[in-house]
Amino acid sequence: MISFSSFYQQIADSNLQHWLEELPAILGQWQREHKHGNLPKWEKVLNKLHYPAPDRIDFTTRVEVGSGDQLSKGQQEKLKNLLKLFCPWRKGPFDLHGIHIDTEWRSDWKWERVQPHISPLKNRTVLDVGCGSGYHMWRMLGDGAKRVVGIDPSPLFLCQFEAVKRLAGNDHPVHLLPLGIEQLPPLDAFDTVFSMGVLYHRRSPIDHLLQLRDQLRTGGELVLETLVVDGDENTVLVPGERYGKMNNVWFLPSAKALEAWLKKADFVDVRCVDIDVTSLAEQRSTEWMPNESLVDYLDPNDVSLTVEGYPAPKRATFIAVKNQPNKDLV
């Protein structure tokens, strides 16, 4: 069974220690709820990942663990077959002992858009909300973060992350907790909080912004990336049953409306640093994610629209700072 004991040990003498009052019980409940289904099968695969310590690691320009020269052809093929059991791989790419995991998303492109605008991560404690399989967490570590905690409730994402971590070495201060942000006790401790690709999935986006704020220390930085539409500060798209075939998209604000939401949630120094239309090269089907992808979600006659007729995905990145506590916001 996947253990979180090393995480508890690492935060025992840190500014995250108050989580120890509640998180062990919360994660214990998660483990009990997932003792059936796919998780035990994936854990058996994880237990087969016994490979030599990597001869090289690069988290600064990519996520690379081990060179292609370290394993025999047979060992590489066995490793590839094991990693294939964790398909679909959505966020990446990863290079593991010479095996290139070409994921659905080019998450490295998103990082290249976001990273130049954020405060340096050196020695910072970072929370990544909706972290997926953890690609950006490794890049944050590569940029010098002291500790990175990611949260995402998906058991598959947890196992994909654990596969990379076991190959890289378990001593890295990066941890994925299979939880949603609503399950986290407020901490007011993180230097930087990322929420990328999450806000439009929330029924109450303002509550999500307040939950993000509650994890930040005063003066800490929020990095928020989400879908937006064109329009003024009063423009918000509320899709019907589906948006891009997704049935869990609730609100798509304009960039100006999102700026107003952030200020309403008591963030200051709010600025939009990037707006980018998602390209068919950035999100697509691959060997490692052979299911439908962006091209299938767009109008075949007009890629500026989704199949439902809404504007095609456009993503904005905002940077904001947590203000002094406001007792009127609860």
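Just so you know, the numbers here start at 1 and follow the chain as drawn.
For all residues, glycine too, the Cβ spot is worked out from N, Cα and C.
Under 8 Å, Cβ to Cβ, and six or more positions away along its own chain, LYS91 (carboxy-S-adenosyl-L-methionine binding site) finds THR103, GLU104, TRP105, SER107, GLY132, SER133, GLY134, TYR135, HIS136. Per Swiss-Prot, the feature carboxy-S-adenosyl-L-methionine binding site maps to LYS91, TRP105, LYS110, GLY130, ASP152, PRO153, SER154, ILE181, GLU182, MET196, TYR200, ARG315.
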Looking at carboxy-S-adenosyl-L-methionine and its recorded binding residues LYS91, TRP105, LYS110, GLY130, ASP152, PRO153, SER154, ILE181, GLU182, MET196, TYR200, ARG315, figure out the farthest C-alpha pair and report it in angstrom, whole number. 26
Please report the number of other Cβ atoms within 10 Å of the Cβ of SER154 (carboxy-S-adenosyl-L-methionine binding site). 16
Listed in sequence order, residues with CB under 8 A of GLU182 (carboxy-S-adenosyl-L-methionine binding site) and six or more positions away: GLN211
Nonlocal neighbours by CB distance (under 8 Å) for ASP152 (carboxy-S-adenosyl-L-methionine binding site), same chain, sequence gap 6 or more: GLY130, CYS131, GLY132, LEU158, LEU176, PRO178, LEU179
